[in-house]
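Worksheet: one structure, shown below.
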Amino acid sequence: ADIQKPSPNNYETATKKNPKMATLQIGKSSQNSGTNMGPVGESYDAEYERELVRKLDKHIVPMIMLLYLFSFLDRVNIGNARLYGLEKELGLVGNQFQVSVSILFVTYLLFEIPSNLVLKKFTPRRYIAAIAVAWGLIATLTGLVNSYRSLIACRLLLGAVEAGLFPGLTVYLTFFYTRKELALRIGYLFVSAALAGACGGLLAYAIGFMEGIGGMKGWRWILIIEGIPTVLLGLVTYWSLADNPETASYLSEEEKRFMVIRRSRDASQTASAQELHWRDVRSCFTDWKSWAFASAQFGIDTMLYGFSTFLPTIIKAIGNWSNPQVQALTIPCYSLGAISYLIVAYISDKQQRRALYSLVFAGISIIGYGILLAPVPSGVHYFGCFMVAVGLYVSVGLPLAWLPNNCPRYGKRTAASSFQLTVGNASGIMVPFIYLSKDSPRYITGHAVSLCMVAWAALVWGFLWWWLSRANACRDRGEEDSKVSGMSEQEILELGDES
């Protein structure tokens, strides 16, 4: 009920009326979609499509997961570096560490929307490869800074080049996958974020033993060693990532033809709708739902960045553990979060429900923060970290599939996704200032603000769920048929979510 229904003259509606329909028959109706469907009577069964999706996963998912894993790792490993003497050696005082964390998001926000809009112009393969090499070099060289000012400069540059990755990958996935497959594939990106947290702790634990090698502190080695692989990955990306189904060397001609059929079968996936039109971009900013999703993303990303960046600090403060023990204790939290999201994203795609699971798992995280705020023993506080982690990636990730599901036209989908992420990532500027050193060990302010922001996101999603359910019910009753009266099938499809 939380996915807006398309116009009734498409394959999805036909299969709902006849669930046993296992074979796609492409006939005269293909001429009305504005795309070349192949010969009349050509058919592909459901097993053929499943095999094709598995092939796409094989060639796309590992690469995008590695890209986002290294991106997230290079962004938040400053939290691990803090435990190994970064503040002391650079002479950071007061809230200078918090500023160095948050300053990254200033340039990150400025470049997200422009990056998405030029993705097709420069082609995904070239653009993503270029920014990966660039941020890898910057992340590596951050380990050589010798002052607060140079650290700030590196963080600003890192934010500028990393800004295009996640929104770009989110849109890139829509080139290959249907709306019923999107949440799980975006889920793989958040699994990467969880793995980055777990691997970051594990790597920091191991690299920390390099303290003193080459006359450098352990924190420098953490930043350098975790940055170098990104440069190599960027070079690999250029040769392994396809720009779109039409240029994918791993697809046969028959499979490419079927990819066109899959696209036309989705709501309003006409050839024109998949081009960038500025009126579609403008419609993103005049649609109140885009603003609602963005404001909710700000709330939920407060939890994402607070938990991801400060989990080592939180765990260290609630017990008498050494730095290596702290790093080890972060790994189970991230792992549980990753597993939870994969399971829920799979179910969400099957049921085509986003709001229900976003709300339920936001509630679980709220309970986790309640435990962290309560005056209970350290072991219970650690259990609270697990509760936050269980809900974290589900409630952050599913709305990022929910919004593009309801934006079938490329221009609006691209703008809306990047706008949602831009506003959400603005929370990264705020987060370091709600987890201040003076609030240790309880960090009451940080946990209380995070709890309230998650609750805000849940309220927005609840309202959107109600509104979209009501809109779909009106469409089912035919109360909006007058909007498309006298239009051809092609004209109806061109309306996108406004049909």
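One is the number of the first residue shown, and numbering goes on along the chain from there.
Note that Cβ sites are derived from N, Cα and C of the backbone, with glycine treated the same way.
Not measured: the values here are computed from a predicted model.
Here is what TrEMBL says about this protein:
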type     : residues : note
DOMAIN   : 60-472   : domain 'Major facilitator superfamily (MFS) profile'
TRANSMEM : 60-78    : transmembrane segment
TRANSMEM : 90-111   : transmembrane segment
TRANSMEM : 127-145  : transmembrane segment
TRANSMEM : 157-177  : transmembrane segment
TRANSMEM : 189-209  : transmembrane segment
TRANSMEM : 221-241  : transmembrane segment
TRANSMEM : 329-348  : transmembrane segment
TRANSMEM : 355-374  : transmembrane segment
TRANSMEM : 380-403  : transmembrane segment
TRANSMEM : 415-436  : transmembrane segment
TRANSMEM : 448-468  : transmembrane segment
If you count Cβ pairs under 8 Å, which stretch among 221-241, 329-348, 355-374, 380-403, 448-468 touches the transmembrane segment (415-436) the most? 380-403
Which of 157-177, 221-241, 355-374 shares the most C-beta pairs under 8 angstroms with the transmembrane segment (60-78)? 221-241
Before we move on, state whether the transmembrane segment (221-241) and the transmembrane segment (189-209) share at least 3 Cβ pairs under 8 Å, counting only pairs 6 or more apart in sequence. yes
Counting only CB pairs under 8 A, let me know which of 90-111, 157-177, 189-209, 355-374, 448-468 has the most with the transmembrane segment (329-348). 189-209
Okay, the transmembrane segment (380-403) and the transmembrane segment (189-209): do they have at least three CB pairs under 8 Å, pairs separated by 6 or more? yes
The transmembrane segment (157-177) touching the transmembrane segment (90-111) per 3+ Cβ pairs under 8 Å rule: yes
Which residues of the same chain, at least 6 past either end of the transmembrane segment (448-468), have a Cβ under 8 Å from a Cβ in it? 1-4, 289, 292-293, 295-300, 302-303, 306-307, 355-356, 358-359, 362-363, 365-366, 369-370, 373, 395, 399, 406, 427, 434
Which bits of the chain, at least 6 residues beyond where the transmembrane segment (157-177) starts or stops, bring a Cβ under 8 A of a Cβ in it? 53, 56, 60, 64, 67-68, 71, 74-75, 103-113, 115-116, 119, 124, 127-128, 131-132, 134-135, 138-139, 142, 185-186, 189, 244-245, 259, 400, 404, 410, 413-414, 417-418, 421-422
